[in-house]
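Notes to accompany the following structure.
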Amino acid sequence: MARPKIALIGAGQIGGTLAHLAALKELGDVVLFDIADGTPQGKALDIAESGPVEGFDAALKGTTDYADIAGADVCIVTAGVPRKPGMSRDDLLGINLKVMKSVGEGIRDNAPDAFVICITNPLDAMVWALQQYSGLPAEKVVGMAGVLDSARFRHFLSVEFDVSMKDVSAFVLGGHGDTMVPLTRYSTVAGIPLPDLVEMGWTTQDKLDAIVQRTRDGGAEIVGLLKTGSAFYAPAASAIEMAEAYLKDQKRVLPCAAWVDGALGLKGMYVGVPTVIGAGGIERIVDIKMTKDEQSMFDNSVEAVKGLVEACKGIDGNLG
Ligand code: APR
């Protein structure tokens, strides 16, 4: 059987890391697309030249021509402009909306059967626009945010508890941004929920609150340190986990920005929710029950996402 084809739209910091990880994990052949001629070709060749050392079998190609993504099984979209220090994800809206139009049309015309993972920010609005511009089925167009946000949460918790990151699971809901909702009740160390760990004296409520806040600000913390761009290693690893779940029909339960119509009391919108990812794309939305407090935090996040979507509609009247 031919290897799967993975198209990476955007060959910047995240795109290059995605290509490297996809090759190292032998997920398939990789096509790196970018409008900056030379960048995708250079990165593809550089990674291909690491193949004999790493011992992977994967073809890598760099291109500025959408025709080269033809028939891709997975498209991961990072095309656009990342945040600069002091810039919010929302500041990026106008610039990246235009990028989503060209990328959506490129995917529609060349890879209409692909599973599409959007990473470009502001995430929840961009994945919504990308689905509209591409016209692909909503269950095949998703945004990567929750896996990254929960990975950050898991990392901070593992350091606080001095236990393996493997044994920490975390649950994050809502939009990718300052309003995201880390659910401590559903976040555990080897199955023990965080509130119980507070009672057991493993940490204090104040420390846990600080970790939740640090998780919400996780993207900005990296931007502040890097100064010239935003996070790329953890975002790339997170999207690769989602791509692998689709390509291998793993039925992974992963939080991501998915189209929700009915579950969690929502009517037709993209927002971060727990999902099952398998060969059908988003195969299920996990319709959890929230406490009053959780629901009000989630509602707040939903409103923030709706605001961004309305702003997109204001910029491009054809969206709706
Ligand atoms: N089509 C294709 N590629 C484009 C387009 C376009 N219309 N516009 C810009 N690009 C390319 C740029 O040439 C650049 O190589 O997108 C790439 C973006 O790469 P970086 O600037 O390195 O950004 P990166 O760190 O990879 O982040 C990409 O993901 O997390 C989000 O906020 C982040 O929106 C940003 C995106």
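Placed from the backbone N, Cα and C atoms, the Cβ positions cover glycine too.
Keep in mind that TrEMBL annotations are predicted by a computer and have not been checked by a curator.
TrEMBL lists Gly10, Ala11, Gly12, Gln13, Ile14, Gly15, Asn96, Ile119, Thr120, Asn121 as NAD(+)-binding residues, and of the candidates Asp29, Asp34, Asp109 the one it assigns to that same site is Asp34.
Summed and averaged per residue, pLDDT over the domain 'Lactate/malate dehydrogenase N-terminal' (5-143) gives 95.
Ranked by Cα separation from Ile119 (NAD(+) binding site), the recorded positions Arg83, Arg152, His176 are led by His176. In this structure, Gly10, Ile14, Ile119, Asn121 are the recorded positions from Gly10, Ile14, Ile119, Asn121, Arg152, His176 whose C-beta falls under 6 Å of some atom of ligand 1.
Ranking the binding-site residues Gly12, Ile14, Asn121 by the distance of their Cα atoms from the Cα of Arg83 (substrate binding site) places Asn121 first.
Cα separation, His176 (active site, proton acceptor) to Asn121 (NAD(+) binding site), rounded: 9 Å.
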